[in-house]
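Student: Sharing a structure below in structure tokens format, with a few things to ask.
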Amino acid sequence: MENYLLDWANLLLRWLHVIAAISWIGESIYFVMLDNGLHKPKDEASIKRGVFGEMFAVHGGGFYHSQKYLTNPPFELNEDVHWSYWKSYTTWLSGFALFALLYLANASIYLVDPAKMELSGAAASAIAVGFLVGGWIVYDGLCRLISPTMNRDGLLSIAVAVMVIGVAYATSLIFQGRAAFLITGAVMATSMSANVFFWIIPGQRRMFNDIKAGRTPNPLDGKRGKQRSVHNTYFTLPVVFLMISNHYAFSYSHEYAWVIMALIIVSGALIRQFFVLMHAGKKLYALPAAGTAVIVAALFVGAPQQALEQPAVAQTAAPAVAEASAPAAGEASAPAAATAAAPAATAGVNYAQVHEVMEKRCVACHAAKPTQPGFAAAPAGLVLDQESVVRANAARINTAVKSKYMPLGNMTQMTDEERVIVDQWVSAGAK
Ligand code: HEC
């Protein structure tokens, strides 16, 4: 019952999170479009009023005429002015709640990868939260240090890109692949919301109050708001990729998953640049072409690796398993693995052997009624004690097992020999 309610909480929070993110990012994309789509006003009255730029639009059965003033609007600034911040905060708060409910509350299942680093759940959680806070401190520090008066924003962008790729690399050394992708995305997303909270909104408030009181606003506030908004638009595409990638084990369970992340971050930036320029009237098709080329490069990097060096193992399967089973003679699995792998080199593995592996290593979680504490239903909907399910998902199972993504954190202590059994069965056509 408790797990069932937690699953609902998870689903509802995710719903909220996605809706809030769509509203936030949608609005920010709208304003990027508006800013770049502005043109100088033609009518005398607007020019006299000091309009910086304007745009005409038709939408939702009506016509719109937006005009932008930099710091000297000729109308009264009052409560009617629309501010944009709750969408951003809601996105972050629901995202963090989801992260806490899913990952921090089950850190030893979802964060820790003992093959990478032997961490307790509490330590892994502390490090994960440290990345979010530390990421913001370092990013904000870089902005203040390198481009304090927005004078070296080009150099700053390079430094920020290097930092984010550093996070991708570091997290993939510490955490499970899926968590590494998520945390890297969350580091960027946290900085995005923190930009809104610590700089963009306070800066706009100072400008608002100065103008209201008849003082000249500090131009740095406006420039900084712009700088941080621009960073946010660069972060957007990669963040969304990293957030949805958790359904695609091939992307994050790869040995060079951090390179895939880095390439996606670069391609996201290139594609973003195209859209920004497009609204300003320039169509630089080289940009999306380059972005696509970078994605193709990611495709090559991520191509399934022979994680277990399958051909070599197949030839030497019998002696290798014999050796492996000797010290583990007391373990019930050893003879099974030996008989399974020995004929594999010649006759192939049959389903019964795979079934045995599933029973031992997978069905604690992947059953209609899991026995593993914390699970209310078969994860990813995969009920692996059913032959039809195993057959239908053979390729997916093999990817997950070969890359050692499954069993999660190797909680059920699957052996390499068992991974070879699954691989050989699937490679031979899952017969
Ligand atoms: C400790 C619990 C646990 C064990 C044990 C476990 N799994 Fe999973 N498995 C999960 C969870 C949780 C997910 C969902 C994670 C996700 O969406 O990527 C999952 C997802 C999967 C997926 C879908 C991944 C994808 O997105 O393609 C496959 C395939 C899979 N498991 C196979 C296996 C196999 C095969 C075994 C046994 C060798 C196994 N699992 C053991 C918890 C477990």
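The chain as shown is numbered from 1 upward.
Yeah, the Cβs are placed from backbone N, Cα and C, and that goes for glycine too.
Pasting the feature list from TrEMBL:
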TRANSMEM  12-32  transmembrane segment
TRANSMEM  92-111  transmembrane segment
TRANSMEM  123-142  transmembrane segment
TRANSMEM  154-175  transmembrane segment
TRANSMEM  181-201  transmembrane segment
TRANSMEM  256-277  transmembrane segment
TRANSMEM  284-303  transmembrane segment
DOMAIN    343-430  domain 'Cytochrome c'
Student: Take a look at 12-32, 92-111, 123-142, 181-201, 284-303 and tell me which one has the most Cβ pairs under 8 Å to the transmembrane segment (256-277).
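Tutor: By the under-8 Å Cβ criterion, the transmembrane segment (256-277) pairs most with 284-303.
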Student: Mind checking how the domain 'Cytochrome c' (343-430) divides into helix, strand and coil residues in DSSP?
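Tutor: With helix first, then strand, then coil, the domain 'Cytochrome c' (343-430) has 46 helix, 0 strand, 42 coil.
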Student: So what pLDDT does the domain 'Cytochrome c' (343-430) average out to?
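Tutor: The predicted confidence over the domain 'Cytochrome c' (343-430), as a mean pLDDT, is 87.
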Student: Cβ under 8 Å to the transmembrane segment (92-111), counting only same-chain residues 6 or more beyond its ends: which ones?
Tutor: 6, 9-10, 13-14, 16-17, 20-21, 119-122, 124-125, 128-129, 132, 175-176, 178-179, 182, 186, 189-190, 192-193, 374, 408-409, 411
